[in-house]
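Chemist: Heads up, here are the entries from TrEMBL:
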DOMAIN    20-437  domain 'DUF112'
TRANSMEM  20-47  transmembrane segment
TRANSMEM  59-80  transmembrane segment
TRANSMEM  107-133  transmembrane segment
TRANSMEM  145-165  transmembrane segment
TRANSMEM  198-218  transmembrane segment
TRANSMEM  326-347  transmembrane segment
TRANSMEM  353-376  transmembrane segment
TRANSMEM  388-406  transmembrane segment
TRANSMEM  468-484  transmembrane segment
């Protein structure tokens, strides 16, 4: 492993990869700093432009955008009281309060350091755990993969905890879309309506571009008319001191580890992690009454917690092929486009790619810290860019990206259709993530179910006769049960 990691570090610092990595991190930070433009959107927009690149540089750039985007969301949260990404919602509570007191630079620098700690810890855990989990997953056959896909589909319930029925509706749409094309066993056309473009199924890339980039662009256009320009707090030059660093380091370390654990659970994203870590920091604080009033511990916990997810979410993706959140689902699409199959065989068949990504994540967090500390004054200007200038660029890149997949206007039409669908579903508070998850996991579930039934003479006994498959089924049941239980507990609290 250490030999592969050393080779990965040499790859990360190579002249072919390092500039791409820096571009990804800086671009992600800028994108995340603009309210409404998320890390998921950034990765989705850039994905089609990686088709002509080698596997390692392509994945490194996308992961750089992911890491930078999660941190970048804190910039708008601190300066404008408007989270650039959902993951930075908890950052507003103490970050903007510090900025309002004239300590914007201090808040931004604390955010950068805490994000670095969380991201670094999560990457170290990813490097340590992934090979072990991948070796375990080598025992998988069709029954285990079906049970794993079934467990993955329960993420739909987790990401739809606000309204499970709406989430299930979105998931059903995704499963229906995943059946379009030739039957995986009999090769009979399904839902193709005589269109040759549909025989190979609906490509996941135009779908995710539509759901996460175009739909958000349409949503932002609608908001522009009634939008009020927020004022940036008075800028100061004082960043965090050595005393501040000693104060936040224990909290950032604990929150980073918690965030990593949460990120490794499919369905629990950076926004969930940030609030869990914030609440834990408040619970264990000596002065919990300071939280919400500019607490350094609160700001550090939120930022370390959400960046801790970046490495954690890649654990199930790389070892099992199950995306941990929406960004990981997009990265799953990137791996497939590059001809790589996420899962245990990835570590033995393409170790140079895996450890190149691991090493690049270590470097990306260092780049994020340096850019975050050196670019404070610049970031205060970035958030003033009018959305009216950004939206056309996003739409243009989305259309070009969708077309570049197969040089086909049909894919552009698919992206536009799913963009309108995502916008319409958003109006009804129906989440888009379940659609993408179902489209990705649907074929895996169907194909392996059919194979398992053939292996067991059309008997479902494989679900309880094979220990690993049974374990995933029990995990799926527990996942649904725990989500329903948390939802039930939340109702009395909401009523009060």
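Here the Cβ of each residue, glycine as well, is placed from N, Cα and C on the backbone.
Here the structure is a predicted model, which means the values were calculated and not measured.
How buried are the listed features, and what sits near them?
Modeler: Sequence-distant contacts of the transmembrane segment (59-80), counting only residues of its own chain at least 6 positions beyond either end whose CB sits under 8 Å from a CB of the stretch, comprise 12, 17, 20-35, 38-40, 42-43, 46-47, 50, 53, 86-89, 91-92, 95-96, 98-99, 104, 107-108, 111-112, 115, 119, 230, 232-233, 270, 303, 306-307, 309-310, 327, 330-331, 334-335, 338, 353, 356-357, 360-361, 364-365, 367-368, 371-372, 379-380, 382-383.
Here the transmembrane segment (198-218) has Cβ contacts under 8 Å with residues 36-38, 40-41, 44-45, 47-48, 177-178, 180-182, 189, 191-192, 326, 329-330, 333, 336-337, 391, 394-395, 397-398, 401-402, 405-406, 411-412, 414-423, 426, 432, 435-436, 439-440, 443 of the same chain, all six or more residues outside its ends.
Within its own chain, the transmembrane segment (326-347) is flanked in space by residues 39-40, 43-44, 47, 50-51, 55, 58-59, 62-63, 66, 130-131, 134-138, 140, 204-205, 208, 212, 269, 313-314, 316-320, 353-354, 433, 436-437, 440, which lie at least six positions past its ends and keep a Cβ under 8 Å from the stretch.
The list of residues near the transmembrane segment (388-406) in space but at least 6 beyond its ends in sequence, with Cβ under 8 angstroms from a Cβ of it, reads 34, 37, 41, 45-49, 51, 203, 205-206, 209-210, 213-214, 216-217, 220-221, 224, 412, 414-416, 419.
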